[in-house]
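Notes follow the structure.
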Amino acid sequence: MKALAKLKKQPGIWMINDAPIPEYGYNDVLIKIKKTAICGTDLHIYNWDKWSQNTIPVPMITGHEFAGEVVAKGDGVTSVDIGDRVSGEGHLVCGQCRNCRAGKRHLCRKTIGIGVNVQGAFAEYLVMPAVNVFKIPDSISDDIASTFDPMGNAIHTALSFNLTGEDVLITGAGPIGLMAVKIARFCGARRIVITDINEYRLQMARDFGATVALNVAPFKNQDELVKQMRKVMSDIGMTEGFDVGLEMSGINSAISMMLDVMNHGGKLSLLGISAGDISVDWGAILFKGLTLKGIYGREMFETWYLMTSMLQAGMDMNPIITHRLHIDEFQKGFEIMKSGQCGKVILDWSS
């Protein structure tokens, strides 16, 4: 089968045409891939950064955001049928630890990821345990379903706390941050402010309903950044701090600024992964009585039910997809992702 694989311990990704179709077991399904989306993680693997060098076995078929069709299944599978349109949870868990047995599978200590630790979805076929497979409702397109993984991250982060009637600050306007703007607006947030240094994506955020999309590139230090944020708050009628913070960047200055402008009793969801250690004002957390929640992946499968229900209720995520390419143009897709001048990039695996 055709697949995209990390074949060398250097930057790049390579097309192969003779990868074996994976074998499925008693409780597995075989999925024919229709669409995949390129994730920031895939870009890290492409660039072969320090995290990738320490994590990714080579050779490895990568990718974990997908939509496809069930074409075969093991004898023990009763939850899906051949012909079902599906996506799937890319975190594979042990099912036996305390958290798994308590229904908190997203907190499994033994989690491994498709396209990271085991064969991924950048291939014509993918094998996955049936318990990880999620049926796609007829009203949701394959393109949108292929973005369920990052959308689930955005849903989990944004809906960890109530957003209705609240003032929300989002730091980081990557695709997940942009999805969070859509989610917060759909859920009735009062004011939504988002920060980034990428003007293309900040304009997308404005189009998605952000009250203010602030380019923080011009500000030379933390004091200037906080001063400008307080001016923004004043300009939009905020007399107190933000009620909810959604941290999507992993950038020290963004987190420090967020802590500075949160209201007393504010709540923060932290999804962004830092490249190194982060220094925070512990006093701001204590004396403001802030609540912090770390986010990893999606709740299985509450997050999936929430996002499909919201999409079916009218939340429009289609504009997050800015580029659609055939799989043979995968190099162009990765170059577009590297440029940052995009939302989600979808790869079509049809013949």
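Cβ atoms here come from the backbone N, Cα and C positions, even for glycine.
According to its DSSP assignment, T41 (active site, charge relay system) is helical. For T41 (active site, charge relay system), the same-chain residues 6+ apart in sequence whose C-beta sits under 8 angstroms from its C-beta are H64, G115, V116. The feature active site, charge relay system is assigned by Swiss-Prot to T41 (among others), with sequence analysis given as support.
Long-range neighbours of H44 (active site, charge relay system) (same chain, six or more residues apart, CB within less than 8 Å of its CB): W51, S52. As annotated by Swiss-Prot, active site, charge relay system applies to H44 (among others), with the evidence given as sequence analysis.
Within the same chain, residues at least six positions away from C39 (Zn(2+) 1 binding site) with a Cβ under 8 Å of its Cβ are G63, H64, E65, D149, P150. Sequence annotations record features per position, and here Swiss-Prot assigns Zn(2+) 1 binding site to C39, H64, E65 based on sequence analysis.
The Zn(2+) 2 binding site feature in Swiss-Prot is assigned to C94, C97, C100, C108. Summarising the environment of C94 (Zn(2+) 2 binding site), the number of other Cβ atoms within 10 Å of its Cβ, over all protein chains shown, is 14.
Under the DSSP three-state reduction, Y296 (NAD(+) binding site) is assigned to coil, being neither helix nor strand. Non-local neighbourhood of Y296 (NAD(+) binding site): H106, L107, each in the same chain, at least six residues away, with C-beta under 8 Å from its C-beta. Marked as NAD(+) binding site by Swiss-Prot: I176, D196, R201, L271, G272, I273, I295, Y296.
Within 10 Å of the C-beta of H64 (Zn(2+) 1 binding site) there are 23 other C-beta atoms, taking all protein chains into account. The binding-site residues under consideration are C108, I176, L271, I273, I295. Their Cβ neighbour counts within 10 Å are lowest for I273. R201 (NAD(+) binding site) falls within a helical segment according to DSSP. Comparing D196 (NAD(+) binding site) with C108 (Zn(2+) 2 binding site), their Cα atoms are 32 Å apart once rounded. If you compare Cα positions, C108 (Zn(2+) 2 binding site) sits closest to I295 out of the binding-site residues L271, G272, I295. Other than C94, C97, C100, C108, the residues of this chain whose Cβ falls within 8 Å of the Cβ centroid of the Zn(2+) 2 site are, in sequence order, V93, G95, Q96, R98, N99, R101, R105, R109, K110, T111. Set side by side, the binding-site residues C97, C100 differ in how many other CB atoms lie within 10 angstroms of their CB, and the most is found at C100.
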